[in-house]
């Protein structure tokens, strides 16, 4: 029966199933405090935010949920970050030592991996890498948290925020994210590096490790591209955030130069996919908000826990534009040629994403006439990129607007292209070609 369902549809259904189950569990009496009854919409929004590793919230998570509710959220974030089918397939592999070709194909699609024959090794490595980074991050955070919290709370907060950071979820148990740790260099660096490695991509991490151990002569073009784009965006993001905000009294002005650079670096890391913050974002200037939504739209790298249209997609677009301006026949990178079909695919993905985002921003503007346009755009793109940063308007939205954000978070996690393929039927190309014509542009 399952083999009649395409991998794309099964990936979508697995996320939907996890979201619904998570929402129902969060509504259970044991999951939330007696004083904090939550509606189904609030539970659905929270579960969607966790499974899609977004971080937007309409309630105070730390004050609303009991330890059991927070554990449910932790599991939802972990399954959402790695992918439901990836984790379940690895468990089957470890227990039964065998999974079928169809299952391998599904896991390959879920990991955005183009070779299903070695998916055994890839899936296991993904889980091992995740646990290694999360355990290391939790240990480091525990060193800081134990100085201000009791042992049990410090341990749980360390594990929760380490998982949330590596999965690029941005879900925090603190009422104001990490605004209480603005100048804590240790916590800032640990969270930032967990987010960076989580958003870099599992394949890139594996290949980089093999390269450093001299087990690999060179990184493949995907890993090279992901690393290059990540470095460019981190450096450019830090510089731009600093330039745009250093005169803002509510954010950077009056702080030491080191403090300004630490805040700028942290938000350059966080704003693309993670959603943590160390300063109140409702005071950002309009120019900074425009810069932030651009970076959020780009998102993380392929094969990672993050979303967005992906760094490599934007990189391919820039290379294609550069090639066209130079009037060259081939797109080139790292002494390799890149197919124009890939450029077309990247263009289609960005176009679909932009059209969806613009349409939803217009609808939200109509539904929420009392809210600022820039804040609405920020919120919508944050949901689409599953970044989770907010200017503080999430809880002010009406029910219709919240449903739009729920669908947008789901769409951003599963991917516009995956949904388009899932809803389309394969179509054979005809054995004919029409005459070629030129159309004037520009």
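Cβ atoms here come from the backbone N, Cα and C positions, even for glycine.
Unlike curated records, TrEMBL annotations are generated automatically.
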Transmembrane segment per TrEMBL - which of 382-402, 403-423: 403-423
Leading stretch by Cβ pairs under 8 Å, where the reference is the transmembrane segment (186-206) and the options are 227-246, 252-271, 283-301, 346-367: 252-271
Contact call for the transmembrane segment (307-325) against the transmembrane segment (227-246), three or more Cβ pairs under 8 Å: yes
Selection from 38-59, 126-147, 252-271, 283-301, the stretch that has most Cβ pairs under 8 A to the transmembrane segment (227-246): 252-271
